[in-house]
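Asks: The following block contains the structure, expressed as structure tokens.
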């Protein structure tokens with residue numbers, strides 16, 4: 001893998017230069033840091049919610065099957081909501097998008113606090129159609145960062161995720177144990193209101209590059225956020241469809257493992273709740289180290305195409321190792337390469353995709369990326385449950401190995417073909 005080599009995606013960059021003349025460098029850094037804080041708080045409140053919903057659902061008579069329906073409902077809602085929200089962000093700007101998302105989160109927690117029946121528990125998931133703080137944060141970071149530093153800037157959001165996961169899980173567990181589900185949900189609502197105040201105070205109306213006359217005319221022509229043609233046209237830009245398909249296909253097996261992990265931890269590893277908590281903290285710390293200190297250095301030395309190949313290759317080996325693991329200690333040995341592969345893969349594909357479209361469309365592109373993750377969460381429980389029940393944990397690992405090695409060979413062959421063409 002050659003250092004700083006060019007990929008097809010990097011060669012054909014229709015991205016408009018960032019708004020160097022709109023927001024000066026110190027102010028851009030301040031806004032990005034505020035966005036990191038907002039993203040950290042949002043993840044904290046979401047993991048705090050994970051300490052409420054399962055216990056409240058059990059009190060309301062939910063079994064494993066109905067909890068699965070609840071999870072699938074969220075996946076479906078966000079599958080369709082992601083691209084629409086991204087389009088909303090591109091049209092109305094960063095402040096409006098983040099304000100909408102934080103407001104929806106407040107409503108989400110208030111409905112959770114008053115949920116007293118199964119119907120109310122389903123109803124409280126409806127606001128998740130607008131709850132896309134992470135994609136909106138990624139859009140702001142992509143808009144305000146230099147193209148060659150974009151992957152490093154986006155990886156810092158992964159660092160925020162690790163911090164929020166640890167803080168939210170710890171805080172949620174303590175509050176729920178001492179004060180109950182209703183109080184914990186109210187804390188989430190208050191915290192989300194604080195995030196909304198940060199948005200209104202510090203986030204500019206728009207973070208897009210200076211709008212040209214053409215961009216304004218185009219916006220006036222297709223202002224509707226439900227314009228499916230405006231969303232799908234992004235897939236026609238050079239390299240976008242290929243990268244997007246790779247993101248879905250290579251990400252599906254690891255996504256299945258992630259959505260099935262709670263069951264694997266309970267049934268295969270026989271972990272108690274506190275032991276599972278320690279394991280989640282290990283995930284969080286590992287993710288923080290990799291996304292905060294490793295990916296930025298890697299992107300400074302190697303091309304995004306090379307890092308994409310590396311992440312997919314490592315992911316295939318992780319799948320092979322997980323196919324033959326027998327205990328939680330062996331699994332822990334795979335966590336570091338697994339988190340490195342996952343983090344690098346997500347950051348690099350997001351960076352490549354946002355560079356391949358105009359800066360006026362980064363929100364919609366990141367919304368499509370978010371919908372890919374929602375698709376994995378939607379089909380993952382069904383596919384993963386079938387594989388686990390009929391063929392065991394090893395089948396999930398073997399499928400990850402086969403799928404990722406196939407994608408790796410395809411990308412490697414394409415890389416060699418392109419190199420040969422350039423030499424001629």
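Every residue, even glycine, has its Cβ placed from backbone N, Cα and C.
This is the feature table in TrEMBL:
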- 28-418: domain 'Major facilitator superfamily (MFS) profile' (DOMAIN)
- 34-52: transmembrane segment (TRANSMEM)
- 64-85: transmembrane segment (TRANSMEM)
- 97-123: transmembrane segment (TRANSMEM)
- 182-203: transmembrane segment (TRANSMEM)
- 244-265: transmembrane segment (TRANSMEM)
- 277-295: transmembrane segment (TRANSMEM)
- 307-325: transmembrane segment (TRANSMEM)
- 395-412: transmembrane segment (TRANSMEM)
Asks: What residues in the same chain, six or more past the boundaries of the transmembrane segment (307-325), come closer than 8 Å to it by Cβ-Cβ distance?
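Replies: Contacts of the transmembrane segment (307-325) (Cβ under 8 Å, skipping residues fewer than 6 from its ends): 1, 151, 246, 250, 253-254, 257, 298-299, 331, 333-334, 337-338, 340-342, 344-345, 348-349, 352, 393-405, 407-408, 411-412, 415.
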Asks: Counting only residues 6+ away from its ends, which parts of the chain sit with a Cβ under 8 Å from the transmembrane segment (64-85)?
Replies: 53-54, 57, 97, 100-101, 118, 121-122, 125-126, 128-132, 135-136, 225-226, 231, 259, 363-364, 367-371, 374-375, 377-378, 381-382, 385
Asks: Can you work out whether the transmembrane segment (244-265) touches the transmembrane segment (97-123), with the criterion being 3+ CB pairs under 8 Å where the paired residues are 6 or more apart along the chain?
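Replies: No, these stretches are not in contact.
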Asks: Would you report the average pLDDT that the model assigns to the domain 'Major facilitator superfamily (MFS) profile' (28-418)?
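Replies: So the average pLDDT across the domain 'Major facilitator superfamily (MFS) profile' (28-418) works out to 85.
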Asks: What same-chain residues lie close to the transmembrane segment (97-123): Cβ under 8 Å, and 6 or more beyond its ends?
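Replies: Beyond its ends, the transmembrane segment (97-123) has Cβ neighbours at 38, 42, 45, 49, 52-53, 56-57, 60-62, 66, 70, 73, 85, 88-89, 129-133, 136-137, 139-140, 181-182, 185-186, 188-189, 192-193, 195-196, 199-200, 203, 363.
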Asks: If contact means at least 3 Cβ pairs within less than 8 Å, sequence distance 6 or more, would you call the transmembrane segment (182-203) and the transmembrane segment (34-52) in contact?
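Replies: Contact criterion met.
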